[in-house]
Amino acid sequence: MRHCIYPGTFDPVTYGHLDVLARAVKLFDHVTVAVAENTPKGPLFTSAQRIAMLQPNVTRFPNVSVTSFNSLLVEFAMAQKAIAVIRGLRAFSDFEFEFHMALMNRHLESQIETIFVMPNEQFSYTSSSLVKDVAKHGGDVSHFVPPNVAAALEAVFGTK
C-alpha cells in the first residue's frame, strides 16, 4: 500500500490545505494528515482542536486519516510505514524552506521521499497566518476556510 504523510500545523486548516490533500489522495492509497503538536509557530488552537476542525472536512476522502505527532517527521513517517511526505508549495518563496527541509529529512531517513504539490492558483496566496489576521480584525474568512473553521475563529476573536 502506498501511504504518505501530509504534515502541518493546520492552524487553522484552509481550503488551500484541503486542495493539496485532494491532490495527494489521487496519488496514494492512504494519506495520513499529521497535525504537529509542538511547533515554534505558537498555534492559536490546540492540536485536539485542529484535529477536530480537520475531521469533518476530510470525510469525503475514504482513504484519509487524521492524527497528531510529536516527533521528528521522518521518524513518525517510518513508524506509520509511509513512503513519502507531501508538502504544499504555494509560491516560489515557499520552495527554499521546503527544499532545505526535504534535504534534511532525506539525510535523516533516505527511504522517505518528499513530494511537492502545488494547490490551485486561487489558493496560492492563502496562509493560515493571513486567515487568522483577517479574522482577528473582523474580516470575512469564508472564502478561505470551511464553515466550522470560520466559526471557531469567530469564537476565539469574537468577530464575524
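Every residue, even glycine, has its Cβ placed from backbone N, Cα and C.
Non-local neighbourhood of L73 (substrate binding site): I5, P7, A34, V85, N105, each in the same chain, at least six residues away, with C-beta under 8 Å from its C-beta. Here Swiss-Prot flags T9, K41, L73, R87 as substrate binding site, drawing on sequence analysis.
Positions annotated as ATP binding site by Swiss-Prot, on the basis of sequence analysis: T9, F10, H17, G88, L89, R90, E98, F123, S124, Y125, T126, S127, S128, S129. In the three-state DSSP classification, E98 (ATP binding site) falls within a helix. There are 14 other CB atoms within 10 A of the CB of E98 (ATP binding site), with all protein chains counted.
As annotated by Swiss-Prot, site 'Transition state stabilizer' applies to H17. Under the DSSP three-state reduction, H17 (ATP binding site) is assigned to helix. For H17 (ATP binding site), the number of other Cβ atoms no farther than 10 Å from its own Cβ, over all displayed protein chains, is 24.
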- Message: Please list, in sequence order, the residues in the chain of K41 (substrate binding site) that are at least six apart in sequence and whose C-beta is under 8 Å away from its C-beta.
- Response: T9, D11
- Largest CA-to-CA spread of ATP binders T9, F10, H17, G88, L89, R90, E98, F123, S124, Y125, T126, S127, S128, S129, angstrom: 18
- Message: I'd like to know which of these binding-site residues, T9, R87, S124, T126, S128, is least surrounded, judged by other CB atoms within 10 A.
- Response: S124
- Query: When DSSP states are folded down to helix, strand and coil, where does L73 (substrate binding site) land?
  - Reply: helix
